[in-house]
Every structure is written in structure tokens, then in C-alpha cells.
Amino acid sequence: MNLHEYQAKSLFAEYGLPVSEGFACDTAQEAVEAAGHIGGNLWVVKCQVHAGGRGKAGGVKVTGNKDEIRAFAENWLGKNLVTYQTDAKGQPVAKILVESCTDIANELYLGAVVDRSTRRVVFMASTEGGVDIETVAEHTPELIHTAIIDPLTGPQAFQARDLGFKLGLNPTQMKQFTKIFMGLANMFNDHDFALLEINPLVITTEGNLHCLDGKIGIDGNALFRQPKIKAMHDPSQDDAREAHAAKFELNYVALDGNVGCMVNGAGLAMGTMDIVNLHGGKPANFLDVGGGATKERVAEAFKIILSDSNVKAVLVNIFGGIVRCDMIAEGIIGAVKEVGVKVPVVVRLEGTNAELGREVLAKSGLDIIAATSLTDAAEQVVKAAEGK
């Protein structure tokens, strides 16, 4: 689960981090009133969506004119913002963040992630702020400095000072950076973050550190113990099919291809997508039906896959372990009849009662292609998607 920038900054403020005065507005009139409440003669207005690249897409504007604030809000509220991080449809804009403008002397980067290799929270800092950290990591990795947080001792001030020295901060800024670092580390732990970024963390013309942006990703598995964070969820930013799938405990991720994939097990699902790609196809989705591949769940999975008009064929790849393949086959048949599938369906069954499952499919009288292996399944579904 991701948070909006205004939500992230609200958390920053709770932990004493320096952020701009700002208001998240639902209407153009609120945006104009927010500028008046903030005061000054220069403001920043930002579309609130779960995606980066807003500035390049026209979703951020610096202005000293309240009429321009009104026009910006009227233009974007209720519309979709398309950036390089969204799909072609973009993300809906339901709120506009109006903030005081900050004079910038320099831009830094500060972020943290859960590193699987060390099984620790790792902080990253760089003098290359304001650009994608992935780009920095690819071209100038030596400019990224790290600090690994030991879960037994927690964040330490000396780690902040070490990063601060590498960023070239002066003594005053070092104290500010240490406070920011410690606050973020505690926040990361308290609220079960999976990702945290301040990009950029700026040095103002007065020489002070300031959190100009905020990006937070939450560990979805921990939401049961984070009711406050869970209440911040904005369902409008979710893919409609992914949200529907979650109601049935189906793990679904929409992609751009034309081969629908229905698989039990995340690892097998990724392997299935790989082999479809290997044979010249493009997966339309990742869909893991999990261990309980019942008729009802399979039917919902078909409905979700076929709600994508780009899908030209469906590959069902099931390994029967605890669940028997003959039962899965009956579920597939029932689902195909219920949903009224109009595209070719290729089914590969392996595991417990796999042969019996294939017999059940063959006797169904439905236009279901039974594959003998995963390679055969991939070849057949790619041909079917191409109309061959």
C-alpha cells in the first residue's frame, strides 16, 4: 500500500521533521483558500497520485497567482494524470496539494528500504537529489552511501553523522540531518514501512534541511496492526481488477500483453510468464489463485482476466499438490461454462491425479486445449493468441 505525498508529510510532521506548510484540497475553491491561509506570494500546487514524474507530466506548478491555482485545480481534479510510472490511462487526481514555496540551494536524496539480502532496513543517501535513484545507482553507484540499521540496537546517531559527512554537510546541517535520520528510522519501524524516500531533501538558501517531497510504501502484510495507516488507503489509485481480485484472495497484477495467465503459486506464476515470453508471447497479467483453486475462485479469476479486452487467449497452469488435478479440472470446466469464455483456453495440469484431470477436460466437450507440458502449453497459447 502506498501513501500520497500529503499523507507522508503529515507523518513527517508528527515526528518533528521539517516540511512545508500545506493543505490537501478537494476543490478549486479550497485550493485558492489554502494559498491565502498559507500566505506569502509564491506557492506550489501538486496533483496527488501514486506515481513519480508528476512535474514532467504537468502535474506540478509553481505560481504566485491565485487565479492560476484555481485554473490548475479545475484542470486536474477529476482527471487522470499520465506519467512514465503509470499505465496509458494514468492515475485519477482527487486531491491537489497546495504548499508554501521553498527556495532551494542544493538537492539531496534520502531513502530507506527493507534489504532482503541483509534482512535489515538500509538507509541510502546521495548528493544526487531530484533525480531517480535508480539512475544514480546505474551510472554513478559510488555516489550512494548506505547505513544498515541493526534491529537489536536500532538507529544510531553516529550512522547519521557518517552519512552527513559523506554528503558534505556543515555542523548545523549535521544536527538537522541527524534529527531527520533518527525520526525517519523510528517512523519506518513504528509504521511497518517497506519503502521511504525524500527526493529531494533540500538545503534551502538559508542553509537549512527541508523535506520537499515524501514517498512511503507500507508492508501490506502488516496493515492488520496499523489501523491508522490502513485508513489512509486511497482505493481510487488501485487497479480496479487488482482490487476486485483481492476480495477473493487472488493475487493479480495487470500487465500489457495479450496472454492471460492463471496459475497456483507465485513462483510457478512467474515461471509461466517467463516461458510465455520465451516463446514470443506477452503475458497480460500475473494471477496466483493460491492453494485453494476452487470452482468459485477459478470462475472469478476468469472474470478478472477476461475483463481485459487485450486478452486473446488464456493459459491455466496448475500443479496439483494437496488439491487434486481432477477437482481442479472440474472447477475449470464449471468456471468456463459459468463465465462463457470466448477465447482459447490452454490448460496444463501436473501433480496429483493429473492424468485423471486431463481425461475430465477431454470429456467435457468444451473447447479446452490440454497441454502435455509447460513448453507445449506456452507454444499453444502463444499460437492461439496470434490466431493461428
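Start at 1 and count along the chain as shown; that gives each residue its number.
Any Cβ shown, glycine's included, is placed from N, Cα and C.
Feature annotations, reproduced from Swiss-Prot:
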BINDING   Lys46, Gly53, Arg54, Gly55, Glu99, Thr102, Glu107  ATP binding site
BINDING   Asn199, Asp213  Mg(2+) binding site
BINDING   Asn264, Gly321, Ile322, Val323  substrate binding site
DOMAIN    9-244  domain 'ATP-grasp'
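Following the DSSP three-state reduction, the secondary structure of Asp213 (Mg(2+) binding site) is coil. The CA atom of Gly53 (ATP binding site) is located 45 Å away from the CA atom of Ile322 (substrate binding site). Listed binding-site residues: Ile322, Val323. The one with the lowest count of other Cβ atoms within 10 Å of its Cβ is Ile322. Note: the Cα of Lys46 (ATP binding site) and the Cα of Ile322 (substrate binding site) are spaced 51 Å from each other. The CA atom of Gly55 (ATP binding site) is located 12 Å away from the CA atom of Asp213 (Mg(2+) binding site). Lys46 (ATP binding site): 25 other CB atoms within 10 A of its CB, across all protein chains. Note on the domain 'ATP-grasp' (9-244): mean pLDDT across this stretch is 95. Comparing CA positions across the binding-site residues Asn199, Asp213, Asn264, Gly321, Val323, the one lying closest to Glu99 (ATP binding site) turns out to be Asp213.
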